[in-house]
Structures are given as structure tokens and as C-alpha cells.
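Taken straight from TrEMBL:
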- 7-70: domain 'TRAM' (DOMAIN)
- GLN309, PHE344, ASP367, ASP415: S-adenosyl-L-methionine binding site (BINDING)
- CYS442: active site (ACT_SITE)
- CYS442: active site, nucleophile (ACT_SITE)
Amino acid sequence: MDTNTVKIKKGAVLENVKIEDVAFGGEGLAKLKTEQGDYVLFVKNSLPGQIVHAKIIKKKKRFAKCKLVKVITPSEDEVDIPYQPIPGAPFARLPIKKQEQYKESSTLEMFKRLSGVEGIKDLYETYISSPLVWHYRNKMEYSFSTLISELGTGEESEGFAFGFKRRGQWWAVENLEADSGLFDAQFEGAMLRIRQYCAQTNLPPWNPAKSQGFFRFLVVRKSYVHDELLFNLVTTSTDIDQFDKMAFVGLLKEILGERLAGVIHTINDEVGDVAKQPAEQSTLLYGKEKIVENILGLDFEISMQSFFQTNPRCAEKLYAKVIEYVRAGMESSGTTNGVAMDLFCGTGTIAQLLANDPNIDKVIGVDIVAEAIEDAKENAKRNGIDGIQFYAADVRKFLYDYPQYKGNIGTIVLDPPRGGIVPKALLRIIELEAKSIVYVSCNPSTQARDTMTLMEAGYEMKRFCLADQFPHTAHIESIALFEKK
């Protein structure tokens, strides 16, 4: 494009922009030549090699955030896929090896810039690919809405929508009418049938502008080991007596047969557009309330409220690498028969794997979500694992209340939420003086930030790798081993 004829300002539409690369987080990256040097554009939902029209939505001195207006020329790397494109999988048309290449390079570059670890590429070991490229997810949340977002154009119209919310907003929904390639082919192949059934009840979908309606969400969890699905239909209580719940159960039985594990109905009359609700607002209509998944030989019972890794087959590879790093840290420091901590432990998967290690005498698991800790205790009991103490507590407060662990911890595993670790909590963790720390992150940018703090406190990064639990998306996970100098 001719940058001499275009003013770079908010609201301007830049034509024929060539997308050159992918930035960390998945945005397409383009560069405009100006008298002051390169001006960088970050364009959502674009792919390297595409020529696009892009609208500036936020302008800064050296870069601008842009909205994709139209793809003029597709990338030579794009391939046809036999699935319906969905908002949450922007890389689906790129070959998986290309996706991995872009994720790897953008993550390593970001980590070097934010963490201060100049030699990150020397410490970097491997990229853990997902064993399943398609149909790998064990949970999906589908939304209902009175606003339909047309696939491709984004134009909105009124109607009965059932599918996925358009990226970056909360009101309009793109109808899913075929297999997305991410979840369960048999179920998603029946999405159109389910939408038509719900529409024929004459009960309205949720109207986000008016905060009213009946149908809100359908949340589905899948057990790969038993090949069965658990459903949670979330509605309001408005005109509930006009809805035949058991007829809806019958529809799912017709679609799935013996694969239908259970159906739960949850009432949500709150204005907030959130599917997850307290268990007491739910009723079991059919089957069972929980399903079971197996990870590295251990069984885990999963309810609708449970946190569990979304890609169980890749999670096995990730957890195996975590245990490898734990053992490497213990061996390097000469730690034997020590105490290990699993902080932000969730349902206790890593804690149980640690407890199975003969060189670890005791494991302490801590998580702020009480329901997750109850699941962790039940899962440990189910697997016959002793030697673990689970605590439902804020990590920082727990470490303050139990000072006796200072200086007595061999290794710590950290697996925090996307926001990373609160600075005061990280300082408490450092005060434990553990000989080694294995940090698992679902957001490498916050891990990079925390890496600076750990290094300033006398820890040295020894090993680093990436795990792709979410093919076709921008998400990537990272694992780092730190040892006390």
C-alpha cells in the first residue's frame, strides 16, 4: 500500500496490507514504511501471507491495533478444512506445522523480551505437540442469543442463535451448523437439529441487551476414556413450566444413544452472562452428575464445576514433562525423600503424580477453590494415593499461616491461572527457599514477568519447553525449571 496517501489515525481503513508474521497472542503482524521507520500493525484474525483491508481501532506512537475488514488475497499457506470455521480457532486453515512454527517463534521472542533471559533459545528444549490435532477438546460451552452474527461477514440480525460468541464481544452468536473439528463430531453434527428443536418450543433465547429470555447455555463435557458426554442445559426460570425437560433429554438420547452419560438442568436468572453456577441451582435430569477421565494411569472424576485440562491426551505429555523437570531439579540439588508442594493445584493431578514418585515422601497441595480441593481429595482416595495433604486456601495466606515449611521444601510446582502469580504471593513462595521450582504456565507472558522476580531472588532457569494443548488457537503453554543458585 502507498503509505504517503493514507493517514494513520483511529478509524482509518488501510487497504492492501500484507500480513508478514504472527505476534505473540495470535494477531497478524504487518509493517508500514514511514519517514520515522517501520510502523507496526497488529491485525486480529489475520494470517501471514494474506493481503487485507484493516481498520485502525487503537493508535499508538509506534504501532496500531487493527480490526480485520476484509481478506483481499488469501495466504498461500491456507488449506481447505472439512469443518465449520469458528471464532475460537483462527489458525484452523494453516497446516499444523506452520501453526507450531509461528507459536514457537513468537513465544520465544516475547519471553526473551519480557523476562530478560537472553539465552532462552539455548535453554529451550522441545515443542510438545498435541497427539490429537482435531477433536481434542473435552469441554465446550455453546451460547444462545437473539442476535445472530453471520459467519464471515459479522453482520448481525435477529433470530434464534445457538453456537459460539463472536470473538471479542458478548452479545452476538454465530450459529454452529456442522462439526467445528475441535470437540465431538457426532454431537456437533446434530447442532442444527438441537437449535431447531429449541426454537420450536417457542421459548426465546437469551436477549443480551434486555437481559431476558429462556435458553442461555449448553455446556458439554466429554470423557475420552469412556467415550461419553455429560450435558448441562442452563436456562432462566421464566416460563419454565412450558419447557418439557424430559423431551429434551429424549432428543439427546436419540442423538447419542449409550454415549449420553447424564443431563443436568441449571437455573440462572442472574444478569451476568456466565454459564457456571452454584451446584445447588442444578438438578440432575438423567444419568449421572460426573464422568471419569484417565491421565497417566490415574482416574479423575469430573463434575460440571470441576477444573480439568481441556486436552487430556496432550495434558499427559505436559504432566510427564513436569515430572521429568521435578526429578531433574531434585537430582541436581541432591534432594531425596523430600517434601514437594503443588501450588494452585486445582483437582490435584500433579500432586498425585508427585506422590507416586518414590523419592518424594510428602506432597502439599493448595488451591483457593474449595470445590477443586474436594475433587482432589476424592480423586486421591479413588486412586488409593496416600501422602498428600490438600488445603483449600489462598496461596499467599496459606504460606503466611504455615511458616514451618520455610527451608523444608525440596521442590515446588507452580501452575497458576492466566493472570500469573500475585507479586506478594510470589515473594512468599520465594521465602520458602525451595531448592527447585517447576513453573507451568497457560500464559507465557505472565510467566516471563515472574521469571524476572525469580532470577532477582537467586533462582536460575535451567530448562524450558512449550506445550501446544490448543491447536488452531493462539494459546500455548510453557514449562520452566528453576534451581536455587
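Think of each number as a place in line: the chain as shown, counted from 1.
Just so you know, glycine gets a Cβ as well, placed from its N, Cα and C.
A map of TrEMBL features onto the structure.
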{"residue": "GLN309", "record": "S-adenosyl-L-methionine binding site", "CB count, 10 Å": "22"}
{"residue": "PHE344", "record": "S-adenosyl-L-methionine binding site", "CB count, 10 Å": "20"}
{"residue": "ASP367", "record": "S-adenosyl-L-methionine binding site", "CB count, 10 Å": "27"}
{"residue": "ASP415", "record": "S-adenosyl-L-methionine binding site", "CB count, 10 Å": "21"}
{"residue": "CYS442", "record": "active site", "CB count, 10 Å": "20"}
### Rounded to the nearest Å - Cα separation of CYS442 (active site) and GLN309 (S-adenosyl-L-methionine binding site)
11
### Query
Where does CYS442 (active site) sit in DSSP terms: helix, strand, or coil?
coil
### Query
Three-state secondary structure of GLN309 (S-adenosyl-L-methionine binding site) from DSSP?
coil
### Task
Could you pull the average pLDDT for the domain 'TRAM' (7-70)?
92
### Task
Compute the centroid of the Cβ atoms of GLN309, PHE344, ASP367, ASP415, then list the same-chain residues not in that set whose Cβ lies within 8 Å of it, in sequence order, for the S-adenosyl-L-methionine site.
PHE307, ASP342, CYS345, GLY346, THR347, THR349, ILE350, PRO416, PRO417, VAL440
### Query
Tell me, by DSSP, whether PHE344 (S-adenosyl-L-methionine binding site) is helix, strand or coil?
coil
### Message
Can you tell me whether DSSP puts ASP415 (S-adenosyl-L-methionine binding site) in helix, strand or coil?
### Response
coil
